[in-house]
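A.B. asks: I grabbed these lines from TrEMBL:
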type	residues	note
DOMAIN	68-317	domain 'G-protein coupled receptors family 1 profile'
TRANSMEM	52-77	transmembrane segment
TRANSMEM	89-109	transmembrane segment
TRANSMEM	129-148	transmembrane segment
TRANSMEM	169-191	transmembrane segment
TRANSMEM	227-251	transmembrane segment
TRANSMEM	263-287	transmembrane segment
TRANSMEM	299-319	transmembrane segment
Amino acid sequence: MELFLFDISPESPRESFLPLSTNHRSGSVNVTWEPDVTFFIQGLASLGEKKMILFVILLLGYIIILGGNSMIIFVALTDSKLSSPMYFFLSNLSFVDIVYTTTTIPNMLSGLLTHVQTISVPGCFLQMYFFIQLAVTGRAILTVMAYDRYVAICNPLRYTAIMTRPVRLILITGAWSFGAFCTLPSAVMGWQRSYCGPYVVRHSWCDPSSVRRLVCGDTSVDNIVSLSFAMVSLLTTGVLILTSYVLIGVSMSRMGVAQRLKAVGTCAAHLIVVSISYGSASFVYISYRVGNFSPEVRIIVSVLYSALTPFLNPMIYSLRNKELQDSIRRSLSSFRPAAVSPRKDVSTVS
């Protein structure tokens with residue numbers, strides 16, 4: 001999720017052959033924020049023919065992400081049997097996953113097919129902002145879902161009275177607001193900086209750490225602010241999720257075997273998603289610090305990591321939830337009678 005924590009791009013000479021709009025002053029090249037100034041996305045140009053293999057893998061993964069999460073949103077909105085708060089939160093998480101991956105994967109797919117990829121300065125900062133904001137919002141929604149599971153297991157008799165529609169809307173609004181709160185400060189600071197050319201972003205999209213390397217001057221304050229809000233987003237959501245499951249565990253210890261199994265089934269899918277999300281984040285972060293990987297490998301790992309949870313979410317929830325499975329089957333089967341009904345009418349007439 002929070003790839004802005006990772007310093008993906010190693011120091012190396014900047015290319016001087018790129019056509020850029022620059023002004024030379026005191027041996028440096030400064031951005032004047034003219035309309036024609038653009039950033040050049042380096043991407044994975046060094047992979048050669050292997051780029052097509054990665055293109056096919058990413059394209060198929062992106063199609064599955066769009067299809068699976070769109071199906072969850074569709075059945076949650078149209079099936080009256082999926083009116084519980086859990087499906088409301090799940091559909092919001094699926095929406096965040098779709099937009100989150102859409103901010104980066106299409107850009108990367110385009111970069112794999114073209115030799116030179118550019119992006120405007122406003123477009124770069126918009127992409128950077130929404131990538132981080134949606135990542136934090138996704139974590140916040142997982143936190144809200146943990147609270148929903150806590151209420152359902154620890155206070156089942158008061159569940160419907162607590163998780164009313166206004167409460168659900170407040171929780172979702174809080175999740176989106178928390179994402180904006182953790183993202184805006186570093187984004188505003190980055191927008192106000194001057195950047196040195198050539199404006200080559202050593203990533204497949206406008207990754208914050210890669211863009212920050214282009215700043216003309218000291219970025220220690222930017223790094224501290226970015227890291228501080230990243231830790232706030234990770235620790236706040238992580239502690240709240242952990243607290244919810246500790247309380248769930250305490251409540252389950254007082255239940256009988258049958259109730260305990262039912263409680264495990266209620267929160268199993270969410271717990272798996274949270275474990276994969278935080279586990280993969282920890283693995284990637286630690287491996288970047290102890291391993292010596294090439295920039296290309298780090299870019300590929302960051303892309304696969306950012307797409308992992310959105311890719312697995314629909315599969316995990318549909319496999320672990322019989323209500324969702326039945327709803328998807330009903331939705332898919334509802335299109336078949338409409339397709340074959342004309343034949344029935346013809347046979348009846350004949």
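Keep in mind that glycine also has a Cβ here, set from the backbone N, Cα and C atoms.
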A.B. asks: Which range wins on Cβ pairs under 8 Å with the transmembrane segment (227-251): 52-77, 89-109, 129-148, 169-191, 263-287?
C.D. replies: 129-148
A.B. asks: Can you work out the mean pLDDT of the predicted model over the domain 'G-protein coupled receptors family 1 profile' (68-317)?
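C.D. replies: Per the prediction, mean pLDDT sits at 87 for the domain 'G-protein coupled receptors family 1 profile' (68-317).
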A.B. asks: Same-chain Cβ contacts of the transmembrane segment (89-109) under 8 Å, 6 or more residues past its ends?
C.D. replies: 41, 43, 55, 58-59, 61-62, 65-66, 68-70, 72-73, 76-77, 117, 119, 127, 130-131, 134-135, 137-138, 141-142, 144-145, 148, 168, 171-172, 175, 204-205, 303, 306-307, 309-310, 313-314, 317
